[in-house]
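Here it is, the structure in full.
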Amino acid sequence: MLAAARSPAGPALLVAAAAVSQEVGAAFAVGLFAALGAVGAVFARFLVAGVLLGVFVRPRMRGPTSTAWFSVAALALTLTAMNVCFYFALTRIPLGVAVTVEVLGPLALSVVVSKRASAWLWAGLALAGVAMLSLTGVRFGHLDLVGLAFAAGAALGWAGYIIASSRAAASFPSLDALAIATMLGALATAPFAMLSVDPHAALRWEVVGLGVTVGVMSSVIPYSLELISLRHLPPETFAVVTCLSPVVAALAGWLVLGQHLALTGYVAIVLVTLASIGAVRATSGRRSPPSSLPWAQAAP
């Protein structure tokens, strides 16, 4: 893995592999909904990821100020809200559609950070793509409006996560803050998960195994690969590769879940992806530190 990271294309391939792992993990999470419900699936993912990150990262729990803990609590809140909204969206709309709407959060931040006219043009292209996706993106009928609303909530959560993550990083190492936030997310979702879980189905080995798989594929593997790649990859390049998530999600939804979109749906996803890349390029064109790029962070 480290050898791959040192080659020219290695870091970009690691980011792409992280995206594949995350979106395939999201597709597998759909299989948990019948037994655990959407909130229960989030709890299972956070529980597995929190335990593994806690064991391997061993986050520092003593020393930070109350302000630092407040920033981590905000990180946990946005992380939890984003994932709960995203999983509820997956109960109603295809994976590729949900991720396409979700990336509007970082895209909006990129536009705000850039303050350039070209960035607003890219934002307009993205909105046109989402409108096309909403109206003509499925093969039969229209997309569920409640599902789209949940995906929009996930977009807001992702934008909030990026802001909260940058603030938490001032007091904690990035992986420490993420590990603590994931544990807090598991604690926050546990009471609500108990209301939606089928206790008999939840204890079946196939459900437990699927929950562990989702936690590892959706959180542990992507976090690890992205952190390695960020040490060797310019933030702009990392952000551009991350913008391909809607395409990866559409492929994962098709291959794993058998979700087929209309041709215009795939065109719309490509439009949003191109708009995201354009917004990243507009943002990176400013004379500002690379770390200011909203996309230049590991996806939650």
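Each Cβ is built from the backbone N, Cα and C atoms, and glycine gets one as well.
Sharing the record's features from TrEMBL:
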type     : residues : note
TRANSMEM : 36-57    : transmembrane segment
TRANSMEM : 69-89    : transmembrane segment
TRANSMEM : 95-113   : transmembrane segment
TRANSMEM : 120-139  : transmembrane segment
TRANSMEM : 145-163  : transmembrane segment
DOMAIN   : 146-278  : domain 'EamA'
TRANSMEM : 175-195  : transmembrane segment
TRANSMEM : 207-225  : transmembrane segment
TRANSMEM : 237-257  : transmembrane segment
TRANSMEM : 263-282  : transmembrane segment
Mark yes when the transmembrane segment (120-139) and the transmembrane segment (263-282) have three or more Cβ pairs under 8 Å (sequence separation 6 or more) and no when they do not.
yes
Under DSSP, the domain 'EamA' (146-278) has how many residues in helix, strand and coil?
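Taking the domain 'EamA' (146-278) as a whole: 113 helix, 1 strand, 19 coil.
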Looking only at residues six or more beyond either end of the transmembrane segment (120-139), which have a C-beta under 8 A from one in the stretch?
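Hits for the transmembrane segment (120-139): 94, 97, 100-101, 104, 107-108, 111, 148, 260-262, 264-265, 267-272, 274-276, 278-279, 282.
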Among the recorded stretches 95-113, 145-163, 175-195, 207-225, which has the greatest number of Cβ pairs closer than 8 Å to the transmembrane segment (69-89)?
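It is 145-163, which has the most Cβ pairs under 8 Å.
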Give, as a single whole number between 0 and 100, the mean pLDDT over the domain 'EamA' (146-278).
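Taking every residue of the domain 'EamA' (146-278) together, the mean pLDDT is 88.
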State the residues, same chain only, that lie 6 or more residues beyond the ends of the transmembrane segment (95-113) and have a CB under 8 A from a CB inside it; answer 'none' if no residue qualifies.
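Contacts of the transmembrane segment (95-113) (Cβ under 8 Å, skipping residues fewer than 6 from its ends): 23, 26-27, 30, 82, 86, 89, 119-120, 122-123, 126-127, 129-130, 133, 137-138, 143, 147-148, 150-152, 154-160, 162-163, 243, 245-254, 257, 259, 261, 265, 268-269, 272, 275-276, 279-280, 282-283, 286, 288, 292-295.
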